[in-house]
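S.K.: Heads up, here are the entries from TrEMBL:
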TRANSMEM  51-70  transmembrane segment
TRANSMEM  119-142  transmembrane segment
TRANSMEM  162-180  transmembrane segment
TRANSMEM  187-204  transmembrane segment
TRANSMEM  216-236  transmembrane segment
TRANSMEM  248-271  transmembrane segment
TRANSMEM  336-354  transmembrane segment
TRANSMEM  374-395  transmembrane segment
TRANSMEM  416-434  transmembrane segment
TRANSMEM  440-457  transmembrane segment
TRANSMEM  464-489  transmembrane segment
TRANSMEM  501-522  transmembrane segment
Amino acid sequence: MGRWYSVAAARANRLLHRATNATRHHCPTDIARESVLVEQFKDFLHALAHALRNLLPIIIVVVAFQALLLREWPEGGLGMAAGLLIVALGVALFLQGLELSIFPVGKRLANQFTRRGSMPLLMLFGFAIGFSAVIAEPALIAVAEQAALISDGRIDALTLRLIVASSVGLVMALGVFRVILGHPLHWYMIVGYVVVVLVTFFAPEEIVGLAYDSGGVTTNIVTVPLIAALGIGLAASIRGRNPLVDGFGLVALAVMVPMISVQLYGILVYADPGTLAGSAEMLHAEADVAPPAGWVTMILDLFGMLRDVLPIILVILFFQYAVLRHPLASPLKVGVGFALVIVGLYAFVVGLKLGLFPIGQSMAAQLIGFDTWLWVYLFAFCIGFATTMAEPALIAVGQQAEEAAAGKIQGNVIRILVALGVAIGITIGVHRIISGDSIHYYIIGGYVLVILLTALAPRYIVALAFDLGGVTTSEVTVPLVTALGIGLASQIEGRNVLIDGFGLIAFASIFPIVTVMSYAIVMERVAKPGGKTR
């Protein structure tokens with residue numbers, strides 16, 4: 001992949017050289033414009049390479065199981081392969097659109113708000129950034145659409161996304177408040193997870209797994225660097241703040257608060273008794289629906305994506321024109337960026353229906369055909385470990401942590417610990433689906449363990465550990481893991497797709513916190529005889 005990208009980049013440089021020679025006597029503005037276009041093309045190739053690299057571990061694991069164990073090509077395999085390529089293309093267009101529109105405008109807004117030094121304005125901006133970064137999150141769109149489908153319409157996809165995005169916006173505002181005042185994160189987390197556990201007791205079982213998954217899908221390659229950069233930047237700019245202790249933690253809060261709000265939403269939605277009969281049949285019926293065809297359908301779907309992205313556009317325009325009262329520096333460039341975001345989201349959703357969702361459901365159907373559940377557990381473990389080791393957001397946060405920790409933490413050790421935690425978590429989640437146990441006991445037990453470890457762990461690791469629990473869910477792995485859980489629940493007799501199908505993402509978020517904190521506690525105990533202290 002790196003060689004392919006290098007060749008493409010070299011070719012782009014040659015094109016730039018030729019264009020420069022051909023336009024030697026042209027206007028310098030034309031040359032500059034062509035140079036910018038080439039740079040943007042190179043950025044697009046980089047984003048495409050990133051998306052393909054995210055898909056590579058999934059492809060390797062699936063092909064290995066098909067070749068060595070199942071020894072057959074899945075039905076519709078070519079369509080699935082095409083869907084994977086469409087997913088990669090959609091993610092690349094989406095990221096390129098963000099680079100042209102949301103990221104540069106957001107950065108300029110942040111700089112201007114910081115210079116003003118107003119806490120209410122910073123908190124309002126934090127809310128807006130959190131909301132706009134999550135509302136069009138591809139992984140959240142995928143989970144919300146699946147939830148709306150198998151709940152027989154009782155859960156509205158757009159309402160669910162608005163609730164989750166508003167929760168993350170609230171988290172960003174609260175995080176800005178915490179960093180400025182210097183409040184310790186562990187008290188926020190302990191109180192927060194106690195509330196999570198209490199709400200879980202009252203929430204209907206149909207919503208619990210979805211609520212915990214909704215918290216896990218709010219963080220990915222786009223949102224994690226944005227959220228982490230805000231926290232670290234604030235901590236670094238305020239005298240007396242430690243970037244490692246005070247800067248991290250916003251990602252953890254972004255995972256926790258949606259769990260509470262979505263469960264409260266579920267209490268309202270399921271206040272009246274209803275039935276979920278036929279949800280599995282609806283799922284299979286949707287799987288048989290042909291992909292969007294015809295110009296009319298495509299245009300309608302694109303307008304649907306415009307509706308999804310519209311909150312981001314309105315937030316940016318409001319702060320730019322109503323609050324700061326400054327025009328956009330490059331309105332045409334921003335407009336092109338938003339168009340790429342919309343087209344990228346459309347391609348991503350089409351690719352999900354053709355590729356990732358069918359792969360997860362197909363593997364679940366094939367693996368449960370054996371006399372033992374061992375292969376299902378092994379597939380879940382391999383998918384969790386392989387995809388997490390290649391997760392760019394985890395690599396980025398690991399590097400930030402290593403720099404901020406001044407030698408206390410190694411980035412590679414963090415990656416292995418988190419990947420192991422994700423693999424263990426998904427495997428335990430698969431066991432819950434197979435056994436039919438209630439998710440309440442697993443989730444409550446997991447977070448009780450997390451609360452205990454939080455009280456015992458060194459203070460420098462707490463915020464980082466919670467953040468690491470939120471960076472393990474990318475726009476590629478979330479749909480696959482979600483489809484695996486739904487596929488298992490729809491294939492195993494006596495399971496309800498909505499009750500039992502969701503929850504794997506939640507387990508993938510809990511256990512990295514456990515592994516990282518446990519490692520820090522052990523290393524601290526080992527180091528104490530040498531004279532080192534907390």
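The backbone N, Cα and C atoms fix where each Cβ goes, and this holds for glycine too.
What's the neighbourhood like for these features in this structure?
M.R.: Proximity of distant same-chain residues to the transmembrane segment (162-180), defined by a Cβ-Cβ separation under 8 Å and at least 6 residues beyond the stretch ends, is recorded for 119, 122-124, 126-135, 140, 188, 214, 218, 223, 227, 230-231, 234-235, 238, 241, 246-247, 249-250, 253-254, 256-258, 260-262, 265, 311.
Note on the transmembrane segment (248-271): residues 130, 134, 154-155, 159-160, 163-164, 166-168, 170-172, 174-175, 178, 185, 188-189, 192-193, 195-196, 199-200, 202-204, 206-208, 210-212, 214-216, 218-219, 223-224, 227-228, 230-232, 397, 401, 404, 462-464, 466-467, 469-471, 509 of its chain, located 6 or more positions outside it, place their CB under 8 angstroms from a CB of the stretch.
Listed as Cβ neighbours of the transmembrane segment (416-434) (distance under 8 Å, sequence separation of 6 or more from its ends, same chain) are residues 373, 376-377, 380-385, 387-389, 394, 442, 468-469, 471-472, 481, 484-485, 488-489, 492, 495, 500-501, 503-504, 506-516, 519.
Sequence-remote contacts of a segment are chain residues at least 6 beyond its ends whose Cβ falls under 8 Å from one of its Cβ atoms, and for the transmembrane segment (440-457) they are 186, 189-190, 193-194, 196-197, 200-201, 205, 208, 212, 428-429, 432, 465, 503, 506-507, 510-511, 513-514, 517-518, 520-521.
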S.K.: Go through the chain and flag residues at least 6 beyond the ends of the transmembrane segment (336-354) whose CB is under 8 A from any CB in it; none is fine as an answer.
M.R.: 79-80, 82-102, 136, 138, 141-142, 145, 289, 291-292, 298, 301-302, 305-306, 308-309, 312-313, 475, 479
